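Engineer: According to TrEMBL, the record shows the following:
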- 7-26: transmembrane segment (TRANSMEM)
- 38-56: transmembrane segment (TRANSMEM)
- 63-81: transmembrane segment (TRANSMEM)
- 101-119: transmembrane segment (TRANSMEM)
- 149-167: transmembrane segment (TRANSMEM)
- 179-199: transmembrane segment (TRANSMEM)
- 289-315: transmembrane segment (TRANSMEM)
- 335-359: transmembrane segment (TRANSMEM)
- 371-392: transmembrane segment (TRANSMEM)
- 412-439: transmembrane segment (TRANSMEM)
- 451-472: transmembrane segment (TRANSMEM)
- 497-517: transmembrane segment (TRANSMEM)
Amino acid sequence: IEFAERLSYFGIATSLIIYLTVVIHLDVKTSAKTANQWAGVTTLMPLVGGFLADAYLGRFPTVLLSSIIYLMGLILLTLSSMVPSLKPCASHDHCLEPRKIHVIVFFIAIYLVSVGTGGHKPSLESFGADQFDDDHPDERKKKMSFFNWWNAGLCAGLLLGVTLIVYMQVHIGWGQADIVLTAVMACSVVIFVIGRPIYRYRKPGSPLKPMIQVCVAAFSKRNLSYPSNPSELYEVPKSVKTQERLLCHTESFKFLDKAAVIEEKDFSDTKQQDPWRLATVTRVEEMKLLLNMIPIWLTTLPFGMCVAQSTTFFIKQGTQLDREITRSFTLPPASIYSLAACGMMLSVAVYDRILIPLLRRVTGTERGINILQRIGIGQAFSVTAMIVSAVVERKRLTIVQNDPLHSSITMSVFWLAPQFVIIGIADGFTLVGLQEYFYDQVPDSMRSLGIALYLSVIGAGNFLSSFLITIVDHVTEKVSGKSWFGKDLNGSRLDHFYWFLAAITSANLCVYVFVASRYSYKNVQRKTTGGTVAVADCYQGDGQGARA
């Protein structure tokens, strides 16, 4: 079902800027901003879907409901291209302006896809990871590979989306391509439901309420003194069996520890302690985990801005270059994005099968390198991608200046291959790392929301990219009299914009390294063979796992 969703998403996303300029007749700048805003909404909606899945619906029902909404969007998208009264033009010929009804139906359809993605993306991935038991060493190792191979399957959908689907859109018709997407999604939903009897399920429960209780309890006890020994802070008694994993005390955000300070009146009656006045160490540590994530989330946003270029300006650049493979076959501009998928699959395969076994032997840890190091390596690749993009675009503009008659049509589209491959490698390190980081480091009850937080990096990056385009457009036009973003690419200075992004991402990478070096990973109390919690037996997390 993830394959089907990615097939549909990238079949739509990579061609969206082409559709907006060719069919809807928007200019390049407006098309890029519109595409970024749609991608931003699509990747921020999972914050809502993740919360609903964790708190109320459960992950399986959320996936099923959101898949149906997604399917409705695809059906409506198909109708907008196939039903005569909803088509963009009254005749088969191109028209100067599409009919209003087509524009309305088209945007309703793609935003239904956004809503469907909102529940689908965070719930499905976390539901898949739920099938592995964290307390079982072999299953824990398999879960590490699960995230890598999940993305390989994701890339398979991406690859077909930007090749087969895009080819159908260009050479057969937009409506026929939408029919294929709708049929594949419908089949995948049926297959997903068939597996219902064999899945592992987790009960939903409000993930945010305990966090609010910790803040209220810490504030109400703000005048109390800290105990001399952290072991005097309140935790679930060892005699009480619990299914949840308990966390060890850490020294960060010490002011929150007061929520676990025990007063006599907390147990003055026979009733259970009031969670609004007394929280366990585990609940306090879960709140600390969320606060620890804020700087990491913020320092990965420039990476999201770089990724946003690959489905907008990178694709639009391809339309200006020579895409003729043979005399009878011309490569659709969006299909060049398949190189990013290849780069991602290559990096994931090399990382999982070569680097990880090697690094495990060198470091003696389950993971080889910690999660944040993996994310940082990908961010360094994103800087390289922006530099290469700037150099290639400068070469293209030079050709345009030297030969205005033929423009850059004499330059091969495969000049764009390095920037696509490098951004794909960056995805293989950073995006996969972010998935594992947010799933692993959030409280266990918030894992759907954790996957949503990873997606929100891309969503917020798209919105920031759109905002940056607006600011740069305004400032450059005011300062130099000519904007970096013209009516078309030949009248624009995308090379300057790419250099600007490279500078922003480089500066941010320095901040990220500082933040990551001070990060405190989740510390989980080990369980004994009998399943009881050994409170004193805590292992210091470093994002690498236990010593082999």
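Using the three backbone atoms N, Cα and C, a Cβ is placed for every residue, glycine included.
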Engineer: Out of 38-56, 63-81, 149-167, 335-359, 497-517, what stretch is closest in contact terms to the transmembrane segment (101-119), meaning most Cβ pairs under 8 angstroms?
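Structural biologist: Ranked by Cβ pairs under 8 Å, first place goes to 63-81.
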Engineer: Would you kindly list the residues that approach the transmembrane segment (179-199) from elsewhere in its chain, counting only those six or more residues past its ends and only Cβ-Cβ distances under 8 Å?
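Structural biologist: Result: 1, 3-5, 7-8, 11-12, 60, 63-64, 67-68, 70-71, 74-75, 77-78, 82, 127, 131, 165, 168.
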Engineer: Can you work out which residues elsewhere in the same chain, 6+ from the ends of the transmembrane segment (497-517), have a Cβ less than 8 Å from its Cβ atoms?
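Structural biologist: Contacts with the transmembrane segment (497-517): 295-296, 299-303, 305-306, 309, 313, 372-373, 375-376, 379-380, 382-383, 386-387, 389-390, 393, 469, 472, 484-485.
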Engineer: Can you tell me which parts of the same chain pack against the transmembrane segment (335-359), counting only residues 6+ beyond its ends and a CB-CB cutoff under 8 A?
Structural biologist: 10, 14, 144-145, 148-149, 151-152, 155, 158-159, 162-163, 166-167, 310-311, 314-315, 318, 367-369, 374, 413, 416-417, 420-425, 427-429, 431-432
Engineer: Are the transmembrane segment (38-56) and the transmembrane segment (451-472) close enough that 3 or more Cβ pairs fall under 8 Å, when only pairs 6 or more apart in sequence count?
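Structural biologist: They do touch: at least three Cβ pairs between the two stretches lie under 8 Å.
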